[in-house]
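All remarks here apply to the structure that follows.
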Amino acid sequence: MKYYMAPMEGLTGYIYRNAYQKYFHDIDRYFTPFITNKKLDFKVKKDIDPEHNQGMEVVPQILTNQPDDFISIVNQLKQYGYDEVNLNLGCPSGTVVAKNRGAGFLAVPDELDSFLDKIFNACDCKISIKTRVGKDSPDEWENLLAIYEKYPLSELIVHPRIQKDFYKYTPRMETYQYAAEHSRHSLCFNGDIHSVGAYGRLRQTFPETEKVMLGRGILQDPGLVGELRMVEAQFAAKDTGTPVGNKKCNVVDKQTLRAFHDDICDGYKGVMSGDRNTLFKMKELWCYMSRSFTNPEKYLKKIKKTERLAEYYVIVDTLFREQEWS
Ligand SMILES: Cc1cc2nc3c(=O)[nH]c(=O)nc-3n(C[C@H](O)[C@H](O)[C@H](O)COP(=O)(O)O)c2cc1C
């Protein structure tokens, strides 16, 4: 099984990736948050700079519906040594979708087909796709998959929700099943693998799964992939077939978690001006990370309110001292 870290705008940039790699180093591939501008800007350059991504396999992600922009971004990325990129066909945000980009591109399949034809003809690097299964209805999936089948994708990452779902409801597993049965591409499953139990259920239903991508599950519990690897290893050792484990076996201790947190916070402090900007990033992360602590509510509330780093550290110290990583 290969484990991928999902691209998450504002969260899984190089500062988070480096800290994660240092303490957990169990991800096979990291995907950068999406790149949209035709000319790589300062922020993107910092994120993809090989100096900032050492020892990691990183795939930059592009979000556009303009073939020329895609090709131009690919050419710039090649100068940094990248030979593979990922196309975002899943972003559900209103502003992105209104311009027929991200999951909005799925609503105009003929244009999407022509876009893919152009980029696959023009680019000599590997191209993978991360997609939702439709914009307004899962009925769109059959046609979309037929389009993807025409091109030599390096892999197809499927987040089986439609744009209208945003991140709500449960993933539409029947659409993933359809892809598993009909696609010639190497598939990667993405969506709601937030626990060992959810992973076990996926593996039980789709024992052929070879790749999974995790986003919020890792942000919430950075030890999750370590646990999933242990589950896989136990089942391989017993040779009992599909893993069905749902018992949480903590592989992270509070000390490691604290060091991980401090690295991320120091990383932001080093590149951002003022407490507020650093705190903005940390607050976003705590919306996920707090969920793995016992009784997180009152600490999260205080973290969200504070505007000074000194005060922030006192709250975090108290949380780590008074609560357990559950
Ligand atoms: C805050 C946030 C930012 C995201 N940014 C991106 C992004 O830049 N590119 C992308 O393809 N998906 C993005 N996603 C979607 C995730 O990559 C992933 O598909 C989604 O969270 C479902 O997987 P999960 O249940 O493992 O989190 C984002 C999701 C969230 C919640």
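Keep in mind that glycine also has a Cβ here, set from the backbone N, Cα and C atoms.
DSSP assigns Cys91 (active site, proton donor) to coil, not to a helix or a strand. Residues annotated as active site, proton donor in TrEMBL: Cys91.
Under the DSSP three-state reduction, Arg216 (FMN binding site) is assigned to helix. Shown in sequence order, Met8, His194, Tyr288 are the residues of the chain, 6+ apart in sequence, with a C-beta less than 8 angstroms from the C-beta of Arg216 (FMN binding site). The annotation FMN binding site is assigned in TrEMBL to Gln61, Lys130, His159, Gly215, Arg216.
As annotated by TrEMBL, domain 'DUS-like FMN-binding' applies to 5-238.
The CA atom of Gly215 (FMN binding site) is located 14 Å away from the CA atom of Cys91 (active site, proton donor). Between the CA atoms of Cys91 (active site, proton donor) and Lys130 (FMN binding site) there is a gap of 9 Å, rounded to the nearest whole number.
Its Cβ taken as reference, Gln61 (FMN binding site) is surrounded by 22 other Cβ atoms within 10 Å in the chains shown.
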